[in-house]
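Heads up, the thing below is written out as structure tokens.
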């Protein structure tokens, strides 16, 4: 083991360590330092002198020994030295009370009799301040704002020996910024706050407050943007500088008034046609207002006012886009709601209403701006008739005839509804159809027509229509007379009513038939002594005919579908009256009278022939009428012969008759106008003479 070391000196410069110096021991590779305090000790191995034992307690007396060490072992401890550790350093608590003061405080130090505290700017500028005190706190004043100071403090014991020192760097709080300026961006509703930088400030805080609302903006530069400001608000803006020592006093507040909010409670009224009234609620911080009104055709007008309403001219059928802005020194309010107001559509123009029938009115008009739909309303009679359509025409049906109506065409739009200011037009429907009550025949060609008058101030026209043509009569009363109707014709009789409003529908037709026409020509031809043929021309409208020959001696009658008839039982030599009745299908009868007819004279009876000589013959007869003349005719192949007796005789002779022939002998009466052998001879009986 090595020799025992000898301590030259031992001392304490720090409160937790003692430094030992000794002479080197040959062969020693290490040394063990031991500091003993009563029963506790601290050992430290070092390479050579000097060596320091650490981990000691301040202000404590220790016994210090040294032992040399080599590979052979440890030497015996050296003679001890007593050494006391110095006082512990006071632990400072430092803070800047204001921008020009720093407060230093500490806890009491064991065995300390007093304390020494010094302060100096860390950059070496200015002078050092030093204070000795037995207290545990002190304050340095009149310092530079925002400056970094180095503070050193130590305690000393009763012998004046200083202990450990404690160094602390502390900055004073900064001064309040100056030259604060606020720039307001009205479009973004934000403010840019700027100021002159202050010494020692590391950060700045901008406070923007309004009532209970407070906004902050922190920055390390000399400006800050405060977003999300509210319209119509007055803010107080202040800036506070900060560093690690604390904050400055806030600057004097700068007032900031933001732009007004967009006006609300906007109402748009059309107080009268053609005038729009725009009103709104007053806006805080709003000095005046501007209302912009833009129509859908691109035209824009505006109104400046310090009140809360504006008047504008408007046109029907337009849509107006309306926005209201408030203004103050900060600028224009944000864009609020854009309202659109559609005025009532225009009343239809070129309005025409025409009565097309007794229950129908045709209404037309020109299309108007802003109308989506049209309603035609006809008021009158027993109610209201409506017609709705998008077209510019409407037919009102199911109206009452001969009735005045107030017809109005209203225009509709989805946005505004109906324009109620449209004027009506008076229209009367056409007259009601008359009802024919009676048709009376007042003569062969005269017909009286009566109807029920059901219109006021109407003219009635009665028409008889048939194949023969048209016949009319007109009246403002309830009857009129059709004249000169042709015979044998069928008609359909109807009536209409006319007024300035138009013409009614025709009434229901009443059939009318006139009596058949009398035949124009009538011929009588005697067929035999007692049979006569009557023929006549066609009587229009007649289906059957009844002919009559009448005399005091009797009557002959015939009913036929033909235009001729054979009448028997005719008495010879008699004057007859001739009449004919033409009868239609429906039984209408026309009685026709013609010139009288005389039947042929009666033939003589008891005709006898007597031969007078070879070439003569005497003819005898009985005359039915002694006042009438007779004539005997002899017809043969060799000639014709005749004889006429003297007046009052009933025989005559025919001479110079060729012999050897067969003759036909006829005795016939002779008329006053001369012989009519062709008429009467064929009726009388013939005798054969050979």
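The backbone N, Cα and C atoms fix where each Cβ goes, glycine too.
Pulled from TrEMBL, these are the features on record:
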type: DOMAIN; residues: 1-88; note: domain 'Fibronectin type-III'
type: DOMAIN; residues: 89-175; note: domain 'Fibronectin type-III'
type: DOMAIN; residues: 176-261; note: domain 'Fibronectin type-III'
type: DOMAIN; residues: 262-346; note: domain 'Fibronectin type-III'
type: DOMAIN; residues: 430-517; note: domain 'Fibronectin type-III'
Helix-strand-coil residue split for the domain 'Fibronectin type-III' (1-88), DSSP-based:
0 helix, 49 strand, 39 coil
Per-state residue totals over the domain 'Fibronectin type-III' (176-261) - DSSP helix, strand, coil:
0 helix, 50 strand, 36 coil
For the domain 'Fibronectin type-III' (262-346), residues assigned helix / strand / coil by DSSP:
0 helix, 46 strand, 39 coil
Can you tell me the mean pLDDT for the domain 'Fibronectin type-III' (262-346)?
92
Helix, strand and coil totals (DSSP H, G, I; E, B; other) for the domain 'Fibronectin type-III' (89-175):
0 helix, 49 strand, 38 coil
Secondary structure composition of the domain 'Fibronectin type-III' (430-517) [DSSP: H/G/I, E/B, coil]:
0 helix, 48 strand, 40 coil
